[in-house]
Amino acid sequence: MELNEVTISRAIIDRFYEKLIANLEVDVAVVGGGPSGLVAAWRLARAGRKVALFERKLSIGGGMWGGAMLFNEIVVQKSALHVLDAMEIGYRLYAEDYYTADAVEAISTLTSQAAKAGVAIFNCVTVEDVMIRPDRIVGLVLNWSPVEMAGLHVDPLAMRASFVIDATGHATEVVHVVAKKVPGTLRTDSGKIEGEKSMWSDRAESLTLENTREVYPGLYVAGMAGNATFGGPRMGAIFGGMLLSGEKVAAEILERLE
């Protein structure tokens, strides 16, 4: 059979259209495809919830690909090994409570497991605003990342979600939108974004879990976005806190969706 270029185009357009239409209303929208966002999405999808993940870049994975300074190994502490085990990601003991994993294997497996669990992943999509009702986030306003990068005047599309997770890391992209458009209303000490502090790995890892919480009705922060929002330090290339943060935010949202 001779391949037909138009049939190839139709197949891609039809399937993407089906996926997009099916995910205009979801239980949870995850913004950011790094480790915390992927773990959260995976846990939620495995529990039977409808989850869509939006990543502004072409590739999924956040900063995990490069390990530290492009040395593509990561460190995970013992308390988070159960997440690696559940996802079938290999690791090796380096020293007491320090385990290493191949960064490429880790993030590619996280992505694969999330997709296989039923998470709808949309890459190259930017969240430019939130959809709001009185005192609550109820969805996202989306556009293509290249549209934003080119500075084109193109109106966005909106989608609805019962809960939104900002897992955009240092940038805290969704929280910044809320802080700008609904000022003084964040559940931080100042009502504003407190800002990320300089590196302190031990403190950062514990605060990552503490700061994984609802920052505005309907909007949760996870991973480094939590520390950047609530004023915690950065942790470097140790990822146990990221994995556990994704697990925690999923558990809290699942409890509220019951």
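Just so you know, glycine gets a Cβ as well, placed from its N, Cα and C.
DSSP assigns Val127 (NAD(+) binding site) to a strand segment in the three-state reduction. Feature annotation from Swiss-Prot assigns NAD(+) binding site to Ser36, Glu55, Arg56, Gly63, Val127, His153, Val154, Asp155, Met224.
Here Swiss-Prot flags Asp155, His170 as Fe cation binding site, drawing on sequence analysis. A 10 Å cutoff on Cβ-Cβ distances gives Asp155 (Fe cation binding site) a total of 7 other Cβ atoms nearby, all chains included. For the recorded site, Asp155 (Fe cation binding site), the DSSP three-state label reads coil.
Annotation comment: Swiss-Prot describes Arg234 as glycine binding site, evidence class sequence analysis. In three-state terms derived from DSSP, Arg234 (glycine binding site) belongs to neither a helical nor a strand segment and is classed as coil.
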CA-CA within 10 A of Arg234 (glycine binding site), subset of binding-site residues Ser36, Arg56, Val127, Val154, Asp155 in residue order, equals none
Within the chain of Val154 (NAD(+) binding site), which residues six or more apart in sequence place their C-beta under 8 angstroms from its C-beta?
Asn143, Trp144, Val147
